[in-house]
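Q: Below is the structure I would like to discuss, written out as structure tokens.
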Amino acid sequence: MAEESKLDFSWLPKGTEALADGEYDVIVLGTGLKECILSGLLAVNGKKVLVVDRNPYYGGECASPNLTNLYKKFKPDQEPRTDLGADRDYNVDLVPKFIMACGKLVKMLLHTKVTRYLEFKNVDGSYVVKGGRTYKVPATGEEALRSSLMGMFEKRKFRKLIMYIYNYEEEDPKTYEGMDLFNQPMSELFEKYGVDINTQSFMGHAMALMRDESYVSRPAIETVRAIKLYAYSLERYGKSPYIYPLYGLGGLPESFSRLCAINGGTFMLNRSVDEILTDKDGKAWGIKCDNEVAKAKLVIGDPSYFPGEKVRKNGVAVRSIFILNHPVPNTNDAESLQIIIPAAQANRHNDIYVAVVSSAHCVAPQGIYIAIVSTLAETSVPLQELEPGVKLLGPYLERFDAITDIYEPVVDGKTDNCFISASYDPTSHFETTSEDVLDLYKRITGEDLDMNINADSTDVDQPQDASPERPSLYQAGNGHVLSHFASMATPEAPKSDPSQWQRASTSESRSPGTLGRGFPDTYEHAVALLKHAASLERERADKQSDLEYLRSTIKTQTQIINTMSDNQHLSEPTDYQQEKKVQALCREVTALVMQLGQRDSLIHSLHEERDRSARVIDQLRLSQHSCEAGQCGSQSLSGSTSGMSEAMRSTGEVMELKGNIRVFCRVRPILRHEFAMSGSEQIFAFPDYRGERRQIELTANPKAHVGYGQSGSRSIVKKYNFDFDLVFDSKCTQEDVFLEVSALIQSALDGYNVCIFAYGQTGSGKTYTMQGREEDSDSQMMELSPDMGIVGRAISHIFAGIDDLQSSGWDFTASLELVEIYNETLRDLLAPIGSTDKVELRLDSDGKVAMVNSCTHGVKNDQEANKELMKEALAINKSLSALGNVICALAKKVRVAQYALVDMVHYSGI
């Protein structure tokens, strides 16, 4: 074997020594995310890499220090507060960033297979601020329908624009519809579809993630691509378009550093760089650390390692880290989220970002939330510029502020061999970071990084703990996702099938005849029910596994009891401790048996629901074939009408499965004077508020309902349990209530007889639920407001549905009757003033209710008025009693219900 050649250090300056191996292909300064990604990519490509960092930890600006190091960095003269919890439970990001689920960084992670070192969890939600209120960016059809971000008419315009973006394909000029998105600005696309300034702000900042308003003057293709990326990412995990690594962002640079080290890279931490060495032409050839020198063909690093003439200031980033002991208000107690405050909403030029994580991502102790508010400073008092975001957080335990200059390289590095990354901007996502890495990679290597890898790739092994609750990057999930935004303008969707609005993006799932413009309901209902059936099957399998475990446990415990019982017979009968243990085991077995029974019952219910879904799917498939045959055979109006009729019939069948009669309960908030009268002794509880939300528990006021004994001691408080089809607690909004009944409005448009009414004692909230606030009745009914009641929303819904159906060739005539039922007397409220006619109910030969006019007489004096009050009370009690009898009869499917006993019940039974 030949003698190993010795290293040549003749290039070393006089009086210096070699740093590490001395000579490298690449020297990387800093262990920030950008530098670590590049070091890993270059090492994989066979380059010899040296990484030097002045800090004793990995990550640079992207580090996630614990609580002690956080105090050392921001408040070195203070000790960490003891009430904040254990130091080791904290991993606080210095720079707030989330990862777009189908973005460029994910593709880099998959390309390098760094995901094997990391675990990810999806972010709970994305929010946007409008008019000082926080709104969730809709992630499902159901949320889109509820959202009050836009009015009813604006949703229709928004839907048309979204559908244009959905159908737009850069390679297919047929989808351009007369627009040249590569040359026309985004403002012209907004103008074409007539969306208002708030919708433009929502799309540009919350979906396209633009940082300021300059995007509207740039080519529209940039924004369209960004909206599609957002939509693809949202489809991937459902809650939001973002994912986040467990234990903080510091794991990202650490993982890429590991990739570099595995491929031969050398790392030197806690080592300051004194000088970047250059030749006579100004080209960098190495670095000097104390008396040691390393040589390389090029140097990569963040701006802090290079002299001032090589970088220029490009703004100031201001960030504040907050430690909270509560979730962010008005976010449905989300454990992680992003809030974007568009610049126009805060009278600024740049957006404000809020990123929140918690123990769900292993970055803080249980019950602690980490919130980071950031923006690009525009004034000389940058911390004050964060106030719109700070106000959203509520009270906080601790705050750490950072004001950082943002730098970018002056030249591209090709002339001086110095390839400098840009500073991290204030955005709460990694898209701009990824673009900088890709640009640097191309400048360094002269080649584009292969980014054609599918973000849903499953080429590498899936982690064993990957699950829907803790998603892995390897979970497959192809599909397009712009449709749930489109459903914001389509409130006919039943709540039970929010996914019916999803449309597949692949050509296979959009085969001719399957998704016609005129009849989407049948196909989409089938898709939704197929998904539901698959979900039920997975749930049934899980419960079956639990059942087997319980059976095994019961068997084991029974054997233990039998063995102990046998041993006990052999031992002294006074073995008290042994007897107690046997009794405890017996109780445990009894509890397990009860659980087993509950699981058996649940599995049986799941089987029944799966079977019902299967029957409906079969019927819908038949309807779908009919629709396809109608479309393929003829494109005429009659064919479209036939398909629509099939869709209407299918919708009716789904509603019948949910129940022809459903009873909901709404609990309004306790008013201040009511609380003062009853204290905390009258309580509504919702035992299954995280489940089906069907139960309500009332704890009666003992003073009012139970009384006191002779000694003055209070009797035991009584609790009453009630079951409904659905319970709305005091936090539910008007949108939540209407969402449940909107499908009934669609059934009315489809030709079904529908009755919706509210009853309860005075002051229970009937008028608010049905009509909303008084000012809503004075405004235009078609303009949706958060407090608008069922009546106004139903009218808007009906006319919106009529517009859609008329465009498909249907003819509609709308009429309105408004009557008052008082003491079993019906009065026409639309009759001329002074009319004394009353309305009577009669049946025609087909049993249909009709109203006819006859004379009536008014009250003549005070004595008759007092009699009327008594008569009114009797009439109300009689009506409600009869109504209860009719509902019970219908629920029991009695063939003859006594509708005619009372006019109110009779009229409601139309």
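Including glycine, each Cβ sits where the backbone N, Cα and C put it.
Because TrEMBL annotations are produced automatically, they should be read as predictions rather than curated entries.
Annotation source TrEMBL lists region 'Disordered' at 453-476, 489-518. Per TrEMBL, the feature compositional bias 'Polar residues' maps to 454-465, 497-512. Marked as domain 'Kinesin motor' by TrEMBL: 660-910. What TrEMBL lists as ATP binding site is G760, Q761, T762, G763, S764, G765, K766, T767.
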Q: Around G763 (ATP binding site), how many other C-beta atoms are within 10 angstroms of its C-beta?
A: 10
Q: Sequence gap of 6 or more, Cβ distance under 8 Å: name the residues on the same chain that satisfy this around T762 (ATP binding site), in order along the sequence.
A: none
Q: Near T767 (ATP binding site), how many other Cβ atoms are within 10 Å of its Cβ?
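A: The answer is 14.
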Q: What does DSSP say about K766 (ATP binding site): helix, strand or coil?
A: helix
Q: Ten-angstrom check, please: count other Cβ atoms within 10 Å of the Cβ of G760 (ATP binding site), all chains counted.
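A: Other Cβ atoms within 10 Å of G760 (ATP binding site): 13.
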Q: Among the binding-site residues listed here, Q761, S764, which has the most company in the form of other Cβ atoms within 10 Å of its Cβ?
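A: Answer by Cβ density within 10 Å: S764.
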Q: If you average pLDDT over the domain 'Kinesin motor' (660-910), what do you get?
A: 67
Q: Excluding near sequence neighbours, so keeping only residues 6 or more apart in the same chain, what lies with its CB under 8 A of G765 (ATP binding site)?
A: R666, R668
Q: 10 Å Cβ neighbour count around K766 (ATP binding site)?
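A: K766 (ATP binding site): 17 neighbouring Cβ atoms within 10 Å.
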